[in-house]
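Engineer: Relevant sequence annotations retrieved from TrEMBL are reproduced here:
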REGION    1-22  region 'Disordered'
TRANSMEM  92-112  transmembrane segment
TRANSMEM  132-151  transmembrane segment
TRANSMEM  158-178  transmembrane segment
TRANSMEM  184-205  transmembrane segment
TRANSMEM  217-235  transmembrane segment
TRANSMEM  247-269  transmembrane segment
TRANSMEM  318-344  transmembrane segment
TRANSMEM  356-373  transmembrane segment
TRANSMEM  380-402  transmembrane segment
TRANSMEM  408-429  transmembrane segment
TRANSMEM  441-462  transmembrane segment
TRANSMEM  474-495  transmembrane segment
Amino acid sequence: MTDTHHHHGTNGHHTNGHAHGHIHPTAEKHEITTASRTSLDSHRYVANTEDSKMPDTMPNHSKMAAEEIARMSPEEYAELERRVLRKMDLRLIPWMTLLYLLSFIDRVNVGAAKLVGLTTDLHLTSLQYSNASMIFFVSYVAFEVPSNLVLKKLRPSRWIPFTMICWAIFQTTMGLVTTYGQLLALRFCLGLFESGLFPGLNFYLTGWYRRDELNRRVSVFFSGAVLSGAFGDGLSKMDGIGGKAGWAWIFIIEGLLTFVVAVASFWMIHDWPDTAKFLSPIEREMVLVRLKQEQGLAAEGGFNWRVIKKALVDWKTYCLMLMYIGAAEPLYSLFTPTIIAYLGKFTVSQSLLLSTPPYVLMFITTIGTAFASDRFQRRGFFLMGWSLVGAIGYLLLLTIPIRYPGALYAAVFIASAAVGPLIATTISWTGNTFGNHYKKAVAMGLVFSLGNSGGIVSSQAYRNKDAPRFLPGHATALAFCLLNFSMAVLLYIGVKRENKRRDDKYGPAPRPDEVFEFEDPEYQARWGLQGMSRKEIVELGDDHPAFRYIL
């Protein structure tokens, strides 16, 4: 455990001979004289700002742990890193997957209820059913951005379970409705409280994982939910128990299940790495060191309207919003066992069963793409490829005559295989693109808001009167796949050009193991930041000349 393998540079940062980029958080502190004591603060891995609840704003809580990390050999460092990642994966991802699975089931179970008599019992017209399906997304879309900002202010272990308990109550009471108006009101409230979960979980994970590790994790919990498509059937068998129809039991049982999990979440959700009970002090420090290495300035900074305005005026925000709705609208279109019900003389149970294999294929392609996309550090090419595959799937659904149900069923597989990876990869690219934490919170909220409006579009595009071909619905989904493709091309070209411009003007981006004084004149001159305060430099986020976009 000696300290000999590091040599210190003289120009305000220390270099390090090891390729893995392991940083010395404390080594240089010993060389700093009392004269420069004022700038010691910027040596800390983590900024000490007012906002103490945040992962990016810890006080310098564990100098000893940082020093211990600094003394490690590269091998010990890599071993600790592996151990920490394994612990995080086991503690965070399975529970997140469960939460998202429940939200997904609670959102789409109105489709399963429709097949087992919801519309006949409540005397709903086709338009009324579409509206009940759609109204969920209206409140869902409206409250995504506010919820992300609240999550940033409150503790995740309080906010996420609170919203879940609320939506579980609305979900359960949906089993007691007797009129169209009641159903409409409850679907609206369900959307209101579910809106925080998916953007919240994605945002939450950026406080734990590095950018290149995110896609795999997002994809796991997203595709876990995709598999939920396989489970809608069993509960409707309770038809008649307690004088309730099968569709009512679908709502009641799933609502109660969500309620139980929500209460458990108060104990199961860990806030941020600095307070995680399942990590030792040195492991907590390790998580922060890794995030800091990778995000650098990105993680610091406070909340202000300038940062929000930056998210609103950035063209990339709108590009990603269109890209996400291009992926989300086909997703909401596809998962209708209804389509399959029209392919042949199938019972409700059979059409629900037949909709399972496409989900399974989608699960496989989503996970596979995520690993490849993280491995090669590429997002754009995967989106371009899959969006074209999705377009082909919908084109086949449009053109194959109804007398070939087997071929139409195969087209459902092609479309399914493409849509899953589109969603997960677009989300990861969004998280990768914005530097400043608050800018990212706003941008991700906006991207999810527009994307989930895809639910509104598809609930209006697939109309009962278009059965059994659903041509307007398929044509709409085809157009949205092409929208995703064109936006991916646009963003890829745009950020690639910007990366090149920064390379040409400022030279290559700093290596992960370079640590700078923000106040150092040489550092400011190198990146053209003369005369800027530390706060202004932090606020640059992805506009900082040293930031490079993932393509």
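Placed from the backbone N, Cα and C atoms, the Cβ positions cover glycine too.
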Engineer: Residues of the same chain, at least six outside the transmembrane segment (441-462), with any C-beta under 8 angstroms of its C-beta?
Structural biologist: 130, 133-134, 136-138, 140-142, 144-149, 151-152, 198-199, 202-203, 307-308, 311-312, 314, 316-317, 320-322, 324-325, 327-333, 336, 338, 426-427, 430-431, 433-434, 470, 472-473, 476-477, 480
Engineer: Can you tell me which recorded stretch out of 158-178, 356-373, 474-495 has the most Cβ pairs within less than 8 Å of the transmembrane segment (408-429)?
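Structural biologist: Comparing 158-178, 356-373, 474-495 against the transmembrane segment (408-429), the winner is 356-373.
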Engineer: Can you tell me which recorded stretch out of 158-178, 184-205, 356-373, 380-402, 474-495 has the most Cβ pairs within less than 8 Å of the transmembrane segment (132-151)?
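Structural biologist: Out of the listed stretches, 184-205 contacts the transmembrane segment (132-151) most.
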Engineer: At a C-beta cut-off of under 8 Å, are there same-chain residues at least 6 beyond the transmembrane segment (184-205) that contact it? List them, or none.
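Structural biologist: Tertiary neighbours of the transmembrane segment (184-205) are 92, 96, 99-100, 103, 106-107, 110, 131-133, 135-144, 147-148, 150-152, 156, 159-160, 163-164, 166-167, 170-171, 173-174, 177, 214, 217-218, 221, 427, 431, 440-441, 444-445, 448.
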